[in-house]
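Here's the feature list from Swiss-Prot:
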BINDING   Cys12, Cys15, Cys46, Cys197  [4Fe-4S] cluster binding site
BINDING   Ile44, Gly45, Cys46, Ser47, His65, Gly91, Asp92, Gly122, Leu123  thiamine diphosphate binding site
BINDING   Asp90, Asn118, Val120  Mg(2+) binding site
SITE      Lys125  site 'Plays an important role in the binding of CoA'
Amino acid sequence: MVERKPVFVDWCPGCGDFGILRAEEMAIRELGINPKSVVIVSGIGCSGKIPHFMNLPISGVHTLHGRSIAFATGIKLSNPSLEVIVNVGDGDGLGIGMGHFVHLGRRNIDIAVLVHNNGVYGLTKGQASPTLHRGEKTKSLPKPNIMDAVNPLAVALAAGYTFVARGYAYDVMHLKELIKKAILHKGSALVDILQPCPTYNDINTKEWYDKRVYKLDNVPGWDPVVRKEEEAQKKFEQAIMKSYEWGEKIPIGIFYQNELVPTFEDRLTSNIPNYREYYPAKQQIEINGISTTKIDELIKAKRI
């Protein structure tokens, strides 16, 4: 029996974040990863509380709004031996943080990104997030949303993410398996998680999702894994097409997986051969409290 942390979890009753938290904890435990080598990074929003509520001795970094992927990138590149997992809301990660989201994909850094997708800014009383569809009017909006929705899966595919999946917060066991695969994947991984907000999104509710979601694993012939270069384009196009399926039927599962693309860490090693053995976190930065960096020499070199 695992003893619970004496921390009050203040999410609203029925919040999809409970399922995400549980799936994430189980994924880390079942993979047998030393929790002390796991860093969970979050931004601002209801999802930002994940590191505080995680019932594992992980390292948590609760960062600035929209900057969690930037922080995670610095953590991973300074110490590639760590397992870095990012938790962002759809507003946090796909609004103010969209630039970082896109560039993580093109770099293909070995980081897993979990997007808590509920269509609203739940922490600030339910404004429309980038994933709320045009024409929808949730309870806090005075008028229907007039902007088109961001498609997280399609954006990730176009940006270069090499693992792209979608889960559902109320199907915890299925979500757990997706998170495990995202963590094990070598490269940038996205799990877009459909996460009902019972307080502010009265359209995309548990009842609404329950009769629409279906598993790609149950589709005859569905195979998202790229095993050889000549398959990549076909599997990519297949994933793009499937990512736009929304409405009466909503697919969950793995849309695309390609480990043939070298990670950013691999590419960095081609420029810095000893990077893997002597990465920044292993380097000495001070001697007796004095920095080893000689900035005076740098200033002299740059002085005009």
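Backbone N, Cα and C define each Cβ position, glycine as well.
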Round to a whole number and give the Cα-to-Cα distance in Å for the pair Cys46 ([4Fe-4S] cluster binding site) and Leu123 (thiamine diphosphate binding site).
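Checking the Cα atoms of Cys46 ([4Fe-4S] cluster binding site) and Leu123 (thiamine diphosphate binding site) gives a distance of 6 Å.
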Pick from Ile44, Val120: which of these binding-site residues has the biggest number of other Cβ atoms within 10 Å of its Cβ?
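Answer returned by the neighbour count: Val120.
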Which chain neighbours of the [4Fe-4S] cluster site, leaving out Cys12, Cys15, Cys46, Cys197, have a Cβ atom within 8 Å of the mean position of the site's Cβ atoms?
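Here the nearby residues are Trp11, Gly14, Gly16, Asp17, Asn118, Gly122, Gln195, Pro198, Thr199, Tyr200.
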Give the distance between the Cα atoms of Lys125 (site 'Plays an important role in the binding of CoA') and Asp90 (Mg(2+) binding site), rounded to the nearest whole Å.
15
If you count Cβ atoms within 10 Å of each one, which of the recorded positions His65, Lys125 comes out on top?
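The most densely surrounded of these recorded positions is His65.
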Can you list the residues of the same chain, besides Asp90, Asn118, Val120, whose Cβ falls within 8 Å of the Mg(2+) site's Cβ centroid?
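For the Mg(2+) site, the extra neighbours are Gly89, Gly91, His116, Asn117, Gly119, Tyr121, Gly122, Ser129, Thr131, Leu132, Gln195, Cys197, Asn201.
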Highest Cβ count within 10 Å among the binding-site residues Cys46, Leu123, Cys197: which residue is it?
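Most Cβ neighbours within 10 Å: Cys197.
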